[in-house]
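Pulled from TrEMBL:
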TRANSMEM  A:6-29  transmembrane segment
DOMAIN    A:16-436  domain 'DUF112'
TRANSMEM  A:105-128  transmembrane segment
TRANSMEM  A:134-154  transmembrane segment
TRANSMEM  A:166-185  transmembrane segment
TRANSMEM  A:197-218  transmembrane segment
TRANSMEM  A:251-277  transmembrane segment
TRANSMEM  A:316-340  transmembrane segment
TRANSMEM  A:352-376  transmembrane segment
TRANSMEM  A:464-487  transmembrane segment
Amino acid sequence: MELLTYLPQVFSGVNILILVLGTIIGLLLGSMPGVSPTMAVALLIPFTFHMDSTAGLILLGVIYASTVAGGAVSAILINIPGAPANIATILDGHPMARNGRATEALHYCFISSGIGGILGVLVLIFFTPPLAELALRFGPSELFWVAILGVTVIGSLGSTSVLKGLIAGAFGIWISLIGFNPILGTERFVFSGHLQGGISIVPALIGLFAIPQVLYMVESAWRGQTGEQFQMEGRSIWQSVRYNLRRVRSLSLGSVVGAVVGLIPGAGGQIAGLLAYDQDKKFSGHPEKYGKGEPDGVIASESANNAMVGSSLVPMFSLGIPGSPTAAVLLGGLLIQGLFPGPDLFTQHASVVWTFLGALLCAQILLMVFGLYISSLSRFVIGIPKEYMAGAVAVLAIFGTYSVQHSFSDVLVMLVLGTGMYFFMRYGFSPGPVVLGIILGPIAEENLLQGLIIAPALDGPMPYFFTGTINLILIGLCVMSIGYSIYSELKIRSRRRAGERAGGAPEA
Amino acid sequence: MTIWKQRIIAIASILVAAGLVVWSSPEARPGYEFPRMVAWTMLVLSAVLALMAFKPGKVVIPADIESVPMRIIWPMLVILAGMAYLAPRLGFLSTSFLVFVATALVFSPDRLGVRRIALVVAIAACFTVSLYLLFVLLLGVQLPRALLF
């Protein structure tokens, strides 16, 4: 098996150093409230420019996995989730801390994260190559629909409002088209010298995820929102390991739910954690204990959100459709290194991909070990004032953006996009669809134009793009993702309406 | 109030999309087909958003709108704009130092005293030195040097 062939490379030279340091840094970054995995991965992309593609990819993947796990620290200790994926962890993790069981909750969190994460990476290892083989049959029309599917899925599933998600996705595609037409080479929409050559992925990624976060951080610093922190009790790690391994139902339910949710593009860790928590509560013999400090709640949600990490990379590596916003940023990192998702990745760049998968598997074990031993240190990281964090992130965003192409225009683009996104976020738009639009827009256009060139020699553009099994399946999936999101949105609205009727509060 | 904000967003969205449609439709120039398709899609989606926001009767909309705390964030916007303006003129490292100090002092929830200012300046200096070591010495990034460093 290829994984075993390339596994020794994980432990060679700089890779092992990046694996270890990346895990520790990721755990610490994740434990800081306000530093989301997406922002952490986006901020670190510029560093990967100075590494070979294997090391760069390992750094991004390891940071993704460990920041999701580290996010539980602030969720448990100060009732603020480090990442949206840790929202479900708050429900029982924080009550455990209030009951004087903070260390115990952190132990369960890291053990479950590691176990769930291993299952997620195994799903990634076994599902990606066959799916990538399928992508061999894709021509320009299929690739066009894959790109559109990516945007519709993230746009519809990853946002509060389907329409706003789709509008944001379309806007992202449109701004990605600034610069040159890929076939004719003509310049378009360049109204400023700073936009010559178009909008690069890195400034867009950093700006859209880091700058709004800076503004949110200064807001909470101004309001003095620090949360209530709890003391850590002394507890044996082995006692926690023994108890955790005995909770087979919560562990397996969380891991399986997380792995399955991760496979659905756009669903994300937040849904994985909440769904696993809900299911575990339903299957429990004592559901009344949930929400009051039940360890099973922490185990189910944490195993789910880390199982989601590995499996969310399956559609990204095989088809180029990211399973979560962080996977979308990782896709940007992949493209920047000159690696394109699909079967070629496993044939032409087998060494890079299999070493990365091996490293991600090892990272799950490392984050479990480091998490258990450094969880007590995390409380110091949580204590870093938000105003310092905001200043540091703003400066890092500017340095990171500049270091990629040594272009000050990139810095300006990053600042403008980021500041604009903050205002859009306040009005219900998410950065995820915009970023995916920016990444997938050029792919969609190139394949559309190539298809339009090929089509007259075949049956014409309409049959070329709208017939054929794969085309029809992809179009069906686009319609299904939008249809399902509209259905969910209407359901939520009807629930709110019912709630308002019961409460008697007027809406507008 | 929320419903009016949703309506304003819908109208703004229509205006932006209409602008993009116009911009993507230059006369007799090839290479604009896909941008035009995307802009039209955005316009249609924005029109549906407006239709839902202006629908007569009791409308229940997602609670996804928050007011912008301009009173709080405007100094940060000034700091970011200042960074963009000063970095090529003063130098990246010196501007970074100033940005860190300004952010930490302006948004500090505690009262400012000499001790606090000295602490912030010391932390900002350490942070700037770390940036220099990381980006310039380790990664070999050539930062534009200007008036200061």
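Cβ from N, Cα, C; glycine included.
Remember, TrEMBL labels are computer predictions, not curated facts.
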Same-chain residue ranges lying at least 6 outside the transmembrane segment (A:6-29) that approach it to Cβ under 8 Å: 35, 40, 51, 54-55, 58-59, 62-67, 69-70, 73, 350-351, 354-355, 358-359, 362-363, 366-367, 370-371, 374, 377-378, 381
Among the ranges A:197-218, A:316-340, A:352-376, the one whose Cβ pairs under 8 Å to the transmembrane segment (A:134-154) are most numerous: A:316-340
Stretch contact, the transmembrane segment (A:352-376) with the transmembrane segment (A:105-128), Cβ-Cβ under 8 Å, 3+ pairs: yes
Other parts of the chain folded back onto the transmembrane segment (A:105-128), taken as Cβ under 8 Å at six or more residues beyond its ends: 3, 65, 68-69, 72-73, 76-77, 89, 92-93, 96-97, 232, 235, 237, 240-241, 243-245, 250-251, 254-256, 258-259, 262-263, 295, 298-300, 302-314, 317-318, 346, 357, 360-361, 363-365, 367-368, 371-372, 375, 378
